[in-house]
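Q: Sharing a structure with you now.
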Amino acid sequence: MPNKYIVVTGGVLSSVGKGTLVASIGMLLKRRGYNVTAVKIDPYINVDAGTMNPYMHGEVFVTEDGAETDLDLGHYERFMDVNMTKYNNITAGKVYFEVIKKEREGKYLGQTVQIIPHVTDQIKDMIRYASKINNAEITLVEIGGTVGDIESLPFLEAVRQLKLEEGEDNVIFVHIALVEYLSVTGELKTKPLQHSVQELRRIGIQPDFIVGRATLPLDDETRRKIALFTNVKVDHIVSSYDVETSYEVPIILESQKLVSKILSRLKLEDRQVDLTDWISFVNNIKGINSKKTINIALVGKYTKLKDSYISIKEAIYHASAYIGVRPKLIWIESTDLESDTKNLNEILGNVNGIIVLPGFGSRGAEGKIKAIKYAREHNIPFLGICFGFQLSIVEFARDVLGLSEANSTEINPNTKDPVITLLDEQKNVTQLGGTMRLGAQKIILKEGTIAYQLYGKKVVYERHRHRYEVNPKYVDILEDAGLVVSGISENGLVEIIELPSNKFFVATQAHPEFKSRPTNPSPIYLGFIRAVASL
């Protein structure tokens, strides 16, 4: 069968839920037996998300093959249970880089290189290649930003051309836009949505489906009004409204038969779909079957924007739903723990578990170390991720080994005891973008340890994103003092450490949250939540 494409655009404002919509449609298609992938288009000039501030962009999601990508790829993976690749995130930076490289190589044979056709052709080539490399029958394409943004215009033109080239029944458009509810008048206002569709039609794109994003379900009158002014069938107007968890969205869409209608429009067979396990998971997330509520402190330096740690948050929810407890997340800015006037007991005294989050740089590091010490000394279940792992080593070296000046060379290049140091392969690296130790790496687990018990096997693969490692010169004295190295890389890097004397004290250089799935939680997060819940 010919490749099929579902292009999702957004209107009125950003963060309206395009990523969740794409992930939900993808999940419902996959559960019908179709091979599906999803492509996120980001119109910014950055080549990737790797050097962007989390406050600007949210989490940097790392794929199995080591790409630093938009957090929407995390939504795709979690909902669809399909691994994304570096080809699934297309940025304007990547597109222009390839076009300029081809021009320098003489590939355009002396032509004047222009947005049309050269840039738009490159965009289409990259979309098609992502579909091909993932063996997809159906490819979802999410165009970041909103219709009308100047940065998005070449991408919208490219997908307009894609429909012309691939055929009327092989490329369809789904447009999602805000439908604002005015509490004063008690009505849903559709005018902004209408204008966003008018803008799309000016570009030459007629939506096949419209998803109205509102606080409440769309009533029949509102749907008829939208249909009239957008030239879209009434039964192709779908409602996406506020719910307790984004994992409910596929259930809402399925109840309105959106995917069945999409398959009909694409001239594809509709198939039976079983959402029993998903509905059970959603009920557990909502706490319907919860045995108890647990308080988890998340200590980091970007906690004012929760999306900076979205995969960790979701991994906690997955593990909690799996064992039937409801997590209450307490976000703590690590800099708030650095002041001597703050009483750690007041902040951490009522939590059942502590996670020290990833991050870079010296800001807030001492606050994280205080949280780690508090967890270790008060025997509170603890999980350290990436930088949290490295600072666990620093804390242990200072407070157990008595190396009071121990530190990471990232924080203090001249530290007397550099227990964390730059990876050998990083010492001659001068560029920041795409140069860390990235992607899935082999971890060899030590039998008889907590890590081995959690994973249930000797060799595992987890994703990474770091430049620093535990200094091999200090491993022996750390182990002599009671720290257990339970996981190492093929070349001997320390990957996982634990303290068997504590209820649960585990830290890892990896990011196991990136591989956590709703119905298949990360083993490390599952072990942590079990310890927190005392189950």
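Glycine too: its Cβ is placed from the backbone N, Cα and C atoms.
According to Swiss-Prot, the protein has these features:
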type	residues	note
REGION	1-268	region 'Amidoligase domain'
BINDING	Ser14, Asp149, Ile150, Glu151, Lys189, Thr190, Lys191, Pro192, Leu193, Gln194, Lys225	CTP binding site
BINDING	Ser14, Lys189, Thr190, Lys191, Pro192, Leu193, Gln194, Lys225	UTP binding site
BINDING	Ser15, Val16, Gly17, Lys18, Gly19, Thr20, Asp72, Val243	ATP binding site
BINDING	Tyr55, Gly359, Phe387, Gly388, Phe389, Gln390, Glu410, Arg467	L-glutamine binding site
BINDING	Asp72, Glu142	Mg(2+) binding site
DOMAIN	302-535	domain 'Glutamine amidotransferase type-1'
ACT_SITE	Cys386	active site, nucleophile
ACT_SITE	His511	active site
ACT_SITE	Glu513	active site
Q: For Thr20 (ATP binding site) and Glu142 (Mg(2+) binding site), determine the Cα separation and express it in whole Å.
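A: With distance taken Cα to Cα, Glu142 (Mg(2+) binding site) is 10 Å from Thr20 (ATP binding site).
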Q: Let me know the DSSP-derived helix, strand or coil state of Gly17 (ATP binding site), please.
A: coil
Q: Work out the three-state DSSP category of Glu142 (Mg(2+) binding site).
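A: Looking at the DSSP assignment, Glu142 (Mg(2+) binding site) belongs to a strand.
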Q: So what's the mean pLDDT when you look at the region 'Amidoligase domain' (1-268)?
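A: Averaging the confidence scores along the region 'Amidoligase domain' (1-268) gives 94.
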Q: Within its own chain, what residues at least 6 apart in sequence put their Cβ under 8 Å from the Cβ of Thr190 (UTP binding site), listed in sequence order?
A: Val179, Gly212, Thr222, Lys225, Ile226, Phe229
Q: Return the single residue from the binding-site residues list (Lys191, Lys225) that has the minimum number of other CB atoms within 10 Å.
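A: Among the binding-site residues Lys191, Lys225, the lowest count of other Cβ atoms within 10 Å belongs to Lys191.
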Q: Is any of the recorded positions Lys18, Ile150, Gly359, His511 within 10 Å of the residue listed as 'active site, nucleophile' (Cα-Cα), and if so, which, in sequence order?
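A: Within 10 Å of the residue listed as 'active site, nucleophile': Gly359, His511.
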Q: Do me a favour and check the Cα-Cα span between Asp72 (ATP binding site) and Glu142 (Mg(2+) binding site); whole Å is fine.
A: 9
Q: Once the chains shown are all counted, how many other Cβ atoms turn up within 10 Å of the Cβ of His511 (active site)?
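A: By my count, 23.
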Q: Which ones in the same chain are close to Pro192 (UTP binding site), with CB under 8 Å and 6+ residues apart in sequence?
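A: For Pro192 (UTP binding site), the qualifying residues are Gly11, Val12, Ala177, Leu178, Val179, Glu180.
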Q: For a quick check of understanding: among the recorded positions Val16, Ile150, Leu193, Val243, Cys386, which residue's Cβ has the most other Cβ atoms within 10 Å?
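A: The most densely surrounded of these recorded positions is Leu193.
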